[in-house]
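As annotated by TrEMBL, domain 'RecF/RecN/SMC N-terminal' applies to 2-360. Annotated ATP binding site per TrEMBL: 28, 29, 30, 31, 32, 33, 34, 35, in sequence order.
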Ligand SMILES: Nc1ncnc2c1ncn2[C@@H]1O[C@H](COP(=O)(O)OP(=O)(O)OP(=O)(O)O)[C@@H](O)[C@H]1O
């Protein structure tokens with residue numbers, strides 16, 4: 001059994017949850033604290049967690065002085081792994097077996113967490129940025145080095161945007177575009193690799209749509225024209241630098257960088273040739289689940305020794321019986337920690353869960369009990 005201890009986080013004053021590997025169903029009324037529990041777990045991934053909110057929202061209401069703490073103790077074949085995240089001097093810190101990580105991204109060496117929530121269901125119609133953020137999260141869990149390249153690239157783009165607004169001197173642009181070019185090539189390569197891998201793993205779930213995944217954009221078109229092997233890297237980087245240099249004058253007026261992997265459009269197409277944005281709500285849900293299942297197989301393939309969590313908030317909404325039954329079967333065969341929430345236990349009928357947790361509105365003290373199905 002693994003253990004999760006939550007202290008002064010959102011609706012939880014103090015909660016202890018012991019849970020097994022496999023599928024865990026969290027059942028409770030509206031407002032009982034199911035999503036808060038998933039959000040707490042999602043903070044063992046770098047970033048702002050499943051709701052994408054600021055840390056100021058995480059304090060247990062009325063307890064602003066005391067800081068929140070989340071502790072995840074996992075049993076691995078080589079011994080216990082204790083991960084903790086908490087707030088210290090306004091910053092989120094993470095420790096592994098008591099040793100503080102220098103950077104949040106480092107946590108991906110031990111654990112990867114992926115989630116889908118009703119907000120992600122709506123993402124497809126919200127514009128390319130929302131999809132790109134989601135895609136980047138998938139790619140990062142599969143290829144942890146990607147996070148570093150993406151972060152360096154994004155920082156350089158922010159600096160370049162500032163330089164465009166202040167019409168800085170050309171040597172500043174040269175230096176920033178050098179960093180952007182180096183990281184862009186890596187980002188492109190890793191994204192293409194991730195698409196290829198997801199494409200392979202999607203085929204393992206015939207009950208779900210076999211999606212076609214592609215990236216589009218001016219940057220992607222240019223990269224596709226440049227041949228691709230390791231010895232071409234200097235050539236690709238210099239072509240990108242040339243491109244950014246030629247568009248500087250045009251971009252001075254806009255004050256923003258218009259070309260690069262940050263403008264990538266991630267297209268997801270149903271086998272019926274409809275792009276996901278024009279598919280029905282239920283089709284979109286089954287497409288999202290195809291991706292999630294492909295991710296699960298890919299992550300186990302690439303990182304077999306690490307811990308993997310899949311968090312599915314209100315997952316059964318919009319799914320027909322056939323997809324629901326196929327999903328329950330696929331999840332029970334995944335051999336990872338899958339946490340699902342639902343208001344009624346009946347929605348999980350047919351789930352081969354390892355544990356059921358009944359969550360009640362919790363006030364001062366809360367201990368969560370595991371029930372065998
Ligand atoms: N910082 C906080 N401190 C205390 N309570 C909070 C905090 N943030 C949110 N809550 C409360 O936590 C409760 C549980 O929210 P949560 O989203 O986990 O519910 P849920 O079980 O997922 O409900 P639903 O089925 O309606 O989605 C809500 O009543 C919410 O107001």
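The first residue you see is number 1, and the count goes up from there.
Cβ atoms are placed via backbone N, Cα and C, with glycine included.
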Exercise. Among the binding-site residues 30, 35, point out the residue whose Cβ has the most other Cβ atoms within 10 Å, with all shown protein chains included in the count.
Key: 35
Self-check item: Segment-level pLDDT (mean, integer) for the domain 'RecF/RecN/SMC N-terminal' (2-360)
Solution: 92
Quiz prompt | Among 28, 31, 33, the most crowded of the binding-site residues [Cβ within 10 Å] | solution = 33
Exercise. Determine the Cβ neighbour count for residue 29 (ATP binding site): the number of other Cβ atoms within 10 Å of its Cβ.
Key: 12
Exercise. Have a look around residue 32 (ATP binding site) and count the other CB atoms within 10 A of its CB, chains all included.
Key: 19
Quiz prompt | Spatial neighbours of residue 34 (ATP binding site) that are distant in sequence (at least 6 apart) but have CB under 8 A | solution = 26, 27, 28, 313, 341, 342, 359
